[in-house]
Amino acid sequence: MGPPSNSGFYVSRAVALLLAGLVAALLLALAVLAALYGHCERVPPSGLPGLGDSEAESSPPLRQKPTRTPKPSSARELAVTTTPSDWRPPGPWDQLRLPPWLVPLHYDLELWPQLRPDHLPAGSLLFTGRVNITVRCTVATSRLLLHSLFQDCERAEVRGPLSPGTGNATVGRVPVDDVWFAVDTEYMVLELSEPLKPGSSYELQLSFSGLVYEDLKEGLFLNVYTDQGERRALLASQLEPTFARYVFPCFDEPALKATFNITIIHHPSYVALSNMPKLGQSVKEDVNGSKWTVTTFSTTPHMPTYLVAFVICDYDHVNRTERGKEIRIWARKDAIANGSIDFALNITGPTFSFLEDLFNISYSLPKADIIALPSFDNHAMENWGLMIFDESVLLLEPKDQLTEKKILISYIVSHEIGHQWFGNLVTMNWWNNIWLKEGFASYFEFEVINYFNPKLPRNEIFFSNILHNVLREDHALVTRAVALKVEHFKTSEIEELYDLFTYSKGASMARMLSGFLNEHLFVSALKSYLKTFSYSNAEQDDLWRHFQMAIDDQSTVILPATIKKIMDSWTHQSGFPVITLNVSTGIMKQEPFYLEKVKNQTLLTSNDTWIVPILWIKNGTTQSLVWLDQRSKVFPEMQVSDSDHDWVILNLNMTGYYRVNYDKLGWKKLNQQLEKDPKAIPVIHRLQLIDDAFSLSKNNYIEIETALELTKYLAEEDEIIVWHTVLVNLVTRDLVSDVNNYDIYPLLKKYLLKRLNLIWNIYSTIIRENVLALQDDYLALISLEKLFGTACWLGLEDCLQLSKELFTKWVDHPENEIPYPIKDVVLCYGIALGSDKEWDILLNTYTNTTKEEEKIQLAYAMSCSKDPWILNRFMEYAISTSPFTSNETNVIEIVAASEVGRYVAKDFLVDNWQAVSKRYGTQSLINLIYAIGRAITTDLQIVELQQFFSNMLEEHSRISIHAKLQTIKNENLKNKKQNARMAAWLRRNT
């Protein structure tokens, strides 16, 4: 699947969206369960599409009931029972993995969703289907287990054993006595009258039905949208990781690969898409005489169930041919006509060709379809031959030229195409090694972009997009390693593996591996791995084995241990090391990185060390790779003299997954170099020094003063990404929103304004004179908002004036768009520096726009007012008037998040807390407690706050809130001490 989004809303905004999503999902899940498992009987639909009406009629009907009810029939009639775990005997259905009794070889799958353009669904839609699964029996068994959930099984037969060499002609039938569902483990169980024979093949023939929902984006789902002024609907699938079982009975594990023949029955006005090219079409009449189109597709390669894909839509497409294979990109007709898909089309073919050449393995399928859905929660999915994207990460509009959208589309398209090799061609054996596909796809998305955009600063972008985020979240007490030794997961636990560690830490592991080998050796090993395991499955040890083979075949790269021992030390344990170098003695040591390390804290055992590759530079010159394979080791070559020109930086280009600390002399030497000639230290290492130092100081590895010393040179810093790193660490959201920081603010203002001139003048000039020059400057696009917002917060007169100019031009002539990277800041200061006149203009714009993203942006801007009466009116509107009641942006929370609004919101709740609770839910009141109490530092303040909210909350909520407020208080006290030290340092250095 696509990488998790790095972008997002602030907490208050996310809470509102999350709550709405959770409630909706819960209600829908209950509805599904009630519909599918709570009824007494469902009569199988007549004339089921499939292998032929005669076969459909000969199958014994299976009706799902809570108890068995015999009925007279010439054929055996069975009841289907759902059996909770406490009603059934223990057995293989209690296990989280399928028993190895059956191996699927081939699926003939047919789906018939009842989607019609003249009768759009109102929330849900019926679908019926049939699947014939050819399996090989490995162990004699009279019980068959396969995955199935949220389906009614209408009929079930087992035919065989199949005769080899006769086109799988059957020689008999194995009677099915019973079919029941183990819902908690998501199994369908077929009880047979006699056991299957080991070594023989059989065909399981199953007919089923289910429901498709608009708001559930798992299994089959609906999108209802507007195109060319008309309301329309489409149907699509999302089967990763374990949602194929929501659509058809199957063996839903990644190692159980098989081939698929897929048939989709659909309304003639729609087009049907699947993994393979269309093989043929015919016409079918239903019992009402309505005509349907039957579209069949060619046989797929061996692949896991999670890659099966279906789409039924009324879309247009654009296409091109790349090396004889057709690439089609499908989208709404409006989007095609507007050319919004052209950028994605232009990069897709060259990306396929680049990866084909890199791995010397051609893309395996005869075509590649890509489709943009109006709404797709997973952002992107790599289905073999039919990749699915959300519109927001595939369509490039003219208004997007000053956003990071172009590079974002490039990364996500490259990521999904990378999966055609990592994941599709070679699939992990089980989900515990999911990083083998997601980590390498994440790594190669950067390699693709770097190849086509050689001027992009590759190291700085990898740091900004990947490394910075994952290092901020990872630490020694995280229980989550990249590769997990546990092989039995619940479905919910598998879904949780799609996280920052799988994607970003996985990509960092691949980058580190490439860094200490060399690119040729790295790619050579991957070629061997991909070729060997094509159309098959692999584990992490398989990958290491092929790397070891490549290493053993050459003599240039010498390692201190096997590649397995080196890399297992990183992938099988959580966290990362802090590498500390004493430049006086040359002693280097490693220790785990802890959040808020306690003095002398260590949990290292003999097995907890990392084998650490140390690429390094001395006085600007790259040195030979060394290895820290012990807790401590001496490197005499890393000692520095008293000369001002002598300095050392470890972790060249930040390819190693660790942070670096130095003794006092080491930091002093680096400070001296920065102040003397900062450009002698590469940009990536100026970033590294700032980010490592502030993280280490925050977590008690070094003093805050050591980090602050590194900022003295900033008057000479002209790289905006370095400034961004400084400001993210120095001007935190807590610092900005806490009005009690009156002591540090004037000092910080004086200190930073003295150093901001150079970088501010560069970018304020560009904004005024040629803002379009920024459209290809990715680092500026992601950094400008923080720079601009900080400059205005510090009261830089030119920033406030520029904000006012841009805001006024936009108000007077809306076609004068505010540059996107700074739009939030400009809108906010337009309101903060304005009156109710400006506020009313934004309210009017809010009322008239239908775009959710713009509504959220405007709501946040309106909360920037400094006038209590305006904020109070804003909150009154939010709980009483239509522009806000139809929108889930929690206005009360965003008001409470501002300086003035914290007090206004508290007063507002005195008389309106019931209306707020009704409008946004009880959880909103809890969030407001934390927002209003975010600056508490005493127990008395906690008591006062709890008393204030006491009549608004249930008893169970008060207990958890008290613990949370204690945590906030302790964190604030810690920050208060840190801020006091910062203030003292600023007094000495301002």
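Backbone N, Cα and C define each Cβ position, glycine as well.
Per TrEMBL, the features are:
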REGION    47-91  region 'Disordered'
BINDING   His415, His419, Glu438  Zn(2+) binding site
ACT_SITE  Glu416  active site, proton acceptor
SITE      Tyr503  site 'Transition state stabilizer'
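Between the CA atoms of His415 (Zn(2+) binding site) and Tyr503 (site 'Transition state stabilizer') there is a gap of 11 Å, rounded to the nearest whole number. The Cβ neighbour count for Tyr503 (site 'Transition state stabilizer'), using a 10 Å radius and every protein chain shown, is 25. The two recorded residues Tyr503 (site 'Transition state stabilizer') and Glu438 (Zn(2+) binding site) have their Cα atoms spaced 5 Å from each other. Residue density at Glu438 (Zn(2+) binding site): 30 other Cβ atoms are found within 10 A of its Cβ, drawing on all protein chains shown.
For His415 (Zn(2+) binding site), the number of other Cβ atoms no farther than 10 Å from its own Cβ, over all displayed protein chains, is 27.
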